[in-house]
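These notes concern the structure reproduced below.
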Amino acid sequence: MDFSWGRSTSPRQSVELSSPEDNTVLQPESLEGEKKEDGSHLTRTLTPSSETKFKPEDHEFTDEREDSSSELVEGFDSGVSGFIIILTFVSSISGFMFGYDTGYISSALTSIKQDLSHKTLSYGDKEILTSATSLGALISSCFAGVAADIFGRKPSIMGSNILFLVGIILQICADKYWQMAAGRLIMGFGVGIGSLVAPLFIGEIAPKTIRGRLTVINSLWLTGGQLIAYAVGAGLTHVHNGWRILIGLALIPVALQFSFFFFLPDTPRFYVMKGNTDAARRVLRRSYRNAPDYLIDAKVKELCDMNNAVEGKNVLDKVWKMTKELHVNPANFRALIIACGLQGIQQFTGWNSLMYFSGTIFETVGISNSAAVSIIVSGTNFVFTIIAFFAIDKIGRRPILLVGIFGMMVALIVCSIAFHFLGVKFNGADAVVLHTGFTAWGIVIIVFIVVFAAFYALGIGTVPWQQSELFPQNVRGVGTSYATATNWAGSLVIAATFLTMLQNITPTGTFALFAALAAVSFIFVFFLYPELSGLELEEVQSVLKDGFNIKKSKALAKKRKKQVAAAKKKVSSSEIIEEDD
């Protein structure tokens, strides 16, 4: 499992390594190896004082290494342990809540009628209710990463559950417009924290060979939350106060996640950052039950060597130093450009406008049961997120991003043209359609919105949430905060302006604008996004050290995949030898 995050610039923590066969001690000095010019350790070699059947001294951790302790530890487990799966799924409930919020508001906006303040919601009212969550998420995401570094990943997620709880209760009980908005704002605080910390948590417990897949599980829960929200919303459309029931059901996953995390640990990387190596060792032991103790200890030592957490007199001083390091270090700044760029692309290509206002859009093209079509769109998103789950590590992040963005661009262009021939115009709060009824152009719009959803889920819907792999440990909290805040800032802008854009520049102009932004996004990814699948997390920094290095990253990713396969083969061979003996 890839728990290595960045290079160490702090004093090494002493950890004794012992071989399970002869109880000899592996001295920490034997793992330090050569130093680079920047003071980081280039080589880590495990050298027991007597021979064992499987000799870790044959495996060095260098830029030209064969295997690191991560690869060796992973090699003893043919699949992902049940413990890692449990941690992944429990943390991914945050993704479900993110998606459920995105999905239920679309149904709720068409069902509230005059239940709030005894008046029909205007487009402006709908934009405020929708954007309130994005505003809350933007605010909380600005400090969520730092909070996760200070208090822990697990406590941060549990804190988001409390905010979810308060926000949901306010919305259920709301009979005034401002009460509903306040509830969504507070819920947004929880969404912002969960959307940042959950992928970070998963990235720190995931084996590097499937780090992308496990992080996609969070996206899979997100899309599943959207799908369930649309389905439940469709069933409650004609139920009195059905929108309150729809929102209230969100209490179930919140309670489940909070309860489960009482019995689960934080990540090994966080424990090492806080100097609690015993807790880190216990989590690794539960994660890799088949790995020998001396390799678990070696992994802890490797994490200690790479622990370069920023020190500070107080929280503000620490945050300032991390922010400075994020901007003055060229590799860190390139990582920031990539992470923020991808999160911006995810929002400004228009996906959340469909999620927030899909009911309004489908009613505009002449569909009476807009909830049913929304289910088709969100279902497509869910299915293609599953495809991304299998593709992201095997094919790579970069190819699925490029294919996905190009497909989105084509779909948006077709929708723009179709809206032009459909003749949709907005007059105040009403949509005026020149061709009444369900027309062929309406079918074209629906089909290509579904196509758009498929390509979105395949690439830009999943890859940006791999953002934690871009940053070293010393700036990971503040770096992911910047990136997640970019996402929610974009969501806020889209939620607050989409219906206004439909009125002022027409649906044709709105979708054409999204298509143009998709074209710019394709260029951004093509020239600036390296291939990161299969890389050790500290290798990402070496790739970005002197440029974006697209060719170098692709070659290195290919090489690392071969080395992982070779390491597993060596472990299997050693086990066969032991059985023969």
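Cβ atoms are placed via backbone N, Cα and C, with glycine included.
Automated prediction, rather than curation, is the source of TrEMBL annotations.
According to TrEMBL, the protein has these features:
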type	residues	note
COMPBIAS	1-27	compositional bias 'Polar residues'
COMPBIAS	32-41	compositional bias 'Basic and acidic residues'
COMPBIAS	42-51	compositional bias 'Polar residues'
DOMAIN	87-533	domain 'Major facilitator superfamily (MFS) profile'
REGION	1-70	region 'Disordered'
TRANSMEM	80-100	transmembrane segment
TRANSMEM	128-150	transmembrane segment
TRANSMEM	162-179	transmembrane segment
TRANSMEM	185-202	transmembrane segment
TRANSMEM	214-233	transmembrane segment
TRANSMEM	245-264	transmembrane segment
TRANSMEM	331-351	transmembrane segment
TRANSMEM	371-392	transmembrane segment
TRANSMEM	399-421	transmembrane segment
TRANSMEM	441-465	transmembrane segment
TRANSMEM	485-505	transmembrane segment
TRANSMEM	511-529	transmembrane segment
- What stretch in 80-100, 214-233, 331-351, 485-505 has the biggest tally of Cβ pairs under 8 Å against the transmembrane segment (245-264)? 80-100
- Query: Quick one: mean pLDDT on the domain 'Major facilitator superfamily (MFS) profile' (87-533)?
  - Reply: 88
- Item | Same-chain residue ranges lying at least 6 outside the transmembrane segment (331-351) that approach it to Cβ under 8 Å | 325, 401, 405, 408, 412, 452-453, 456, 460-461, 463-464, 467, 470-472, 475, 479-480, 482-484, 486-487, 489-491, 493-494, 510-511, 514, 517-518, 521, 524-525, 528-529, 540-542, 544-545, 547-548
- Check the transmembrane segment (399-421) against each of 162-179, 214-233, 511-529 and return whichever range has the most CB pairs under 8 Å. 511-529
- Query: Do we see three or more Cβ pairs under 8 Å linking the transmembrane segment (214-233) and the transmembrane segment (485-505), pairs being at least 6 apart in sequence?
  - Reply: no
- Query: Per the definition of 3+ C-beta pairs under 8 A with sequence separation of 6 or more, do the transmembrane segment (80-100) and the transmembrane segment (185-202) touch?
  - Reply: yes
- Query: Would the transmembrane segment (185-202) and the transmembrane segment (371-392) count as touching if the test is at least 3 Cβ pairs under 8 Å, pairs 6 or more apart?
  - Reply: no
